[in-house]
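Written below as structure tokens is the structure these notes are about.
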Amino acid sequence: MFGIIISVIVLITMGYLILKNYKPQVVLAAAGIFLMMCGVWLGFGGVLDPTKSSGYLIVDIYNEILRMLSNRIAGLGLSIMAVGGYARYMERIGASRAMVSLLSRPLKLIRSPYIILSATYVIGQIMAQFITSASGLGMLLMVTLFPTLVSLGVSRLSAVAVIATTMSIEWGILETNSIFAAQVAGMKIATYFFHYQLPVASCVIISVAISHFFVQRAFDKKDKNINHEQAEQKALDNVPPLYYAILPVMPLILMLGSLFLAHVGLMQSELHLVVVMLLSLTVTMFVEFFRKHNLRETMDDVQAFFDGMGTQFANVVTLVVAGEIFAKGLTTIGTVDAVIRGAEHSGLGGIGVMIIMALVIAICAIVMGSGNAPFMSFASLIPNIAAGLHVPAVVMIMPMHFATTLARAVSPITAVVVVTSGIAGVSPFAVVKRTAIPMAVGFVVNMIATITLFY
């Protein structure tokens, strides 16, 4: 009991510090180290196996951190960095803008304002598989589709509400949290995406698109001061040829191709994600060179790939490791075992625990305005909890993953809401009033689809 009390105090302190914009990596790591020390001092057990212990607590703790860093950087971390590097490279050469320009063209042919509003959400979610920055995608859509939506009679608030939620489901083989979730669930990213994410995400996306249609139309009818003025139509700057739109999709094409070849026996196994990213990078370099005929500029642009890798290490990989340190602290002090025992005797079962954890992580995402910190803080705990409840880890980790990204779109302080609201000149608090119902619908469908399909 004393260990649980300490854990609760630490959790409250962590939440306060993160809300005050302290770096979550440092907060999580410090909390984990403190809990490991308390766990040993209170006699719950050691940090390392007795046969591997150095005899010094602080040395054992940092040896454990070294193990985590070594495992994550060489495996999951490298995949995340390669994906982040490729996304940065696509942004540098304009391929992301080409894809947005191409996919947004059919929408401009639709004249029904609320149908195009719902279609914008669906198209945005498709783009989200390849443009993995929510605020980046939001800004691109504000330039290309926001003026069209407003000119058709949709209010600015409705248009922003839909655009701000276009990455409310983070899915696909290029999305860093998906890669992390697959690793935690103990499976390859291709299996996680095609067998688990795709069916559930499809249900959620369709339900959210339909709810946007009715919710935004109802809000616009209710709002007596709705403004139908024309928004200035702007063109995307420096858009390369439209065939560049295939480049962000190339990793998915290569992954699908390798899965097919492995299935028919022409390859021993599907390509590793890092190999897919490097092959895509190589092909893109040749495309760039043959288009520009400038070897120096082509090679200089590749630096964006390595810059992106560094950014992912600093922002994401370190957060993953910090989350693991925190999870190790909770395990050492006995909190995880206590949660498992409590869940087993509560009668809630796997479904009840899954829903409660998804709600907790969703609330954290709304309060923090971020999905990464709460998800990566709790995700590492899931395998042990799931095993104790005799539930596959993926069945618990996936709804939590989707819950945190859905909830993020209801936070007035999350980056994509702030950025899109600022461009449109509307209040982020007014925007999240319009995103709350569609995201709540998505949350419920996420739970129902997961339970129905996989439990």
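Cβ from N, Cα, C; glycine included.
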Topological domain name match (Swiss-Prot): Pro24 vs Leu330, membrane: no
Secondary structure content, the topological domain 'Cytoplasmic' (47-111) (per DSSP, counts of residues): 51 helix, 0 strand, 14 coil
Intrachain residues whose Cβ lies under 8 Å of the topological domain 'Periplasmic' (433-455), provided they are six or more past its termini: 157-158, 161, 164-165, 168-169, 196, 199-200, 203-204, 207-208, 211-212, 215-216, 219, 350-351, 354-355, 358, 362, 391-392, 394-395, 398-399, 402-403, 406-407, 409-410, 417
Annotated stretches the transmembrane segment (412-432) and the transmembrane segment (112-132) touching (3 or more Cβ pairs under 8 Å): no
Whole-number mean of pLDDT values that fall within the topological domain 'Periplasmic' (369-377): 79
Surrounding residues of the transmembrane segment (270-290) on its own chain - C-beta under 8 Å, 6+ positions past either end: 78-79, 82-83, 85-86, 89-90, 93, 95, 173, 179, 188-190, 244, 247, 250-251, 254-255, 258-259, 261-262, 298-299, 301-302, 305
